[in-house]
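What Swiss-Prot says about this protein:
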type	residues	note
ACT_SITE	CYS82	active site, proton donor
ACT_SITE	CYS236	active site, proton acceptor
BINDING	ASN13, ASN73, GLY83, ASN84, ASN172, ASN209, GLU227, ARG228, GLY237, THR238	substrate binding site
Amino acid sequence: MAVKMIKVHGSGNDFYLLDQTQFQAPLSDADLKQLAINICKRDGAGLYDGADGVLVVDKSEHPQVLGRMRVINADGTEASMCGNGLRTVARYLGTQNSQEDFRVQTMYADLKVQAVADFAAHVPAYSVEISPVTFDAQTLGMHANNDATTIINEKIPALSADLKFSAVAVPNPHLIAFVDHDTLVGPELGRIGEWMNDGKNQIFPDGVNVSFVEVLGPNSIFVRTFERGVGFTNACGTAMSASSLMYVLLHQESTDFNQEIHVTNPGGMVKTVVHQGADEEYWMELIGNATFVRIVTLPLEDALQGDYSPVTATETGEQVAYEDFVANLAKA
């Protein structure tokens, strides 16, 4: 049986998009895990240049919803949400159904998505909702500071003597620290990220996404992320959304609710807007590219065994346009 996938990315956070409706019966969870582990390997061991994960598209039985998205990380674990991936799934479903404004089912919520103006020629963009938001330690799977119920801009002595952290789920868990530039690019993020995702630590036994954030100016931040199940990534959409929320809550001298925030990352740039509802619940808009790099086809049996010799691929040309867009960002 042949399997068709699309290599996609948002801000360089790259995935293989797999539409399960192409099969008579969906793949088992075990097969999805094995597929992700195989094709996502880097350093030439995976399919082409590997990926951060697999975006699994299925039909949804929810009303007014075009489809369902699941996220399988490169290590085979399942993530509850992926903002960058959601933009590419939104584009795929919108194109398939000739719609530009709809909802997509995710693990915890049916989220609003919408096509927006292209970032540049051949760089299509989408806006997606990031929610729900909670600071609850139990939901986060966090055990820190004598089992504090929340951690917002506080030191966690076991992690660092100097840095202050905020813990928030959007809905996947994030640990965020605002830092200076030297700390942003230094080794501390890798040390903390690896430790918090080793499966042995007692603070986040199930792991956590760790981000360092540098304030660049009014409504402008840089976010660098060590992603749970992936490691260092070019960008993490939920991390940039969570970082934007904490930026608004902790740095209102520089930004505020309902203002467009320019978020730079190692893979490019996105825009975010943080909203607060009447019931004081938060949600974010994540606005960024939804790039389709190539369409690949290969026998499923070979993909599950890590044999990519029979693969065929068609390049879309969009990656060149995206790289030009990023290069122009650097010149601005």
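First residue shown is number 1, and so on along the chain.
Cβ coordinates are placed from backbone N, Cα and C, and glycine is handled just like the others.
Remember, it's a predicted structure, so these values are computed and weren't measured experimentally.
Straight-line distance linking the Cα atoms of ASN13 (substrate binding site) and CYS236 (active site, proton acceptor), rounded to a whole number, equals 7 Å. It is 11 Å from the Cα atom of ASN172 (substrate binding site) to that of CYS236 (active site, proton acceptor). Listed in chain order, the extra residues whose Cβ falls within 8 Å of the Cβ center of the substrate site residues ASN13, ASN73, GLY83, ASN84, ASN172, ASN209, GLU227, ARG228, GLY237, THR238 are VAL71, ALA79, MET81, CYS82, GLY85, THR225, VAL230, THR233, CYS236, ALA239.
Counting in whole angstrom, GLY83 (substrate binding site) lies 7 from CYS236 (active site, proton acceptor) by their C-alpha atoms. Between CYS236 (active site, proton acceptor) and the residue listed as 'active site, proton donor', the C-alpha separation comes to 7 Å. Cα spacing between GLY237 (substrate binding site) and the residue listed as 'active site, proton donor': 6 Å, rounded to the nearest whole number. Sequence-distant contacts of GLU227 (substrate binding site), defined by Cβ-Cβ distance under 8 angstroms and a gap of at least six in the same chain, are ASP52, ASN209, THR233, CYS236, ALA239. Across the residues the record lists as binding substrate (ASN13, ASN73, GLY83, ASN84, ASN172, ASN209, GLU227, ARG228, GLY237, THR238), the two Cα atoms farthest apart are 16 Å from each other. The active-site residues under consideration are CYS82, CYS236. Their Cβ neighbour counts within 10 Å are lowest for CYS82.
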